[in-house]
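Colleague: Questions regarding the structure given below will be posed in turn.
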Amino acid sequence: MREYKVVVLGSGGVGKSALTVQFVTGTFIEKYDPTIEDFYRKEIEVDSSPSVLEILDTAGTEQFASMRDLYIKNGQGFILVYSLVNQQSFQDIKPMRDQIIRVKRYEKVPVILVGNKVDLESEREVSSSEGRALAEEWGCPFMETSAKSKTMVDELFAEIVRQMNYAAQPDKDDPCCSACNIQ
């Protein structure tokens, strides 16, 4: 069974913990309690292949930003979350993706861009097209979720597993990876 380390990143209050807890336990956290860092483990079967996810729910506040490099270094897949009802959180997500590329020294890191709180449609500040355009620019999947209504939560974690499974395959076009069996 494959084990993957998934890191959930985003500004404070965007719903990182709510998404993670909804996926792991099936419950919604009503009260906002800023996270420093929390680890969760969950088995998941995607495309008939079982995996264990070790999910790191990170702090969104700037005072813990210095810890991000370490999280990123150890992560294999990244869920970048912003709130659909907070334009600033959408702007804040861009440097986080840049930080992933800088730390990993690789452009094709498994990343999913997530607009959360789709249940608050009437308060929306970030359009779907803005999210899609950014995901297209980054070459990654884009999803809109709601931890509260459990919209696309399981699909989100299944998709990051697919992205990590794909990234774990040797690149047939890369002479380095096809010349040897190192994975």
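A Cβ is built for glycine as well, from the same backbone N, Cα and C atoms used for every other residue.
What Swiss-Prot shows for this protein is this:
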- 10-17, 57-61, 116-119: GTP binding site (BINDING)
- THR35: (Microbial infection) O-linked (Glc) threonine (CARBOHYD)
- CYS176: S-palmitoyl cysteine (LIPID)
- CYS177: S-palmitoyl cysteine (LIPID)
- 32-40: motif 'Effector region' (MOTIF)
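Are these features on the surface or tucked inside, and what are their neighbours?
Modeller: For LYS16 (GTP binding site), the Cβ neighbour count at a 10 Å cut-off comes to 28, with all displayed protein chains included.
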Colleague: Go through GLY10, GLY13, the listed binding-site residues, and name the one with the sparsest Cβ surroundings, counting other Cβ atoms within 10 Å.
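Modeller: Looking at the binding-site residues GLY10, GLY13, the Cβ with the fewest others within 10 Å is that of GLY13.
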Colleague: With the cut-off set at 10 Å between Cβ atoms, which of these binding-site residues ends up with the most neighbours? Options: THR58, VAL118.
Modeller: THR58
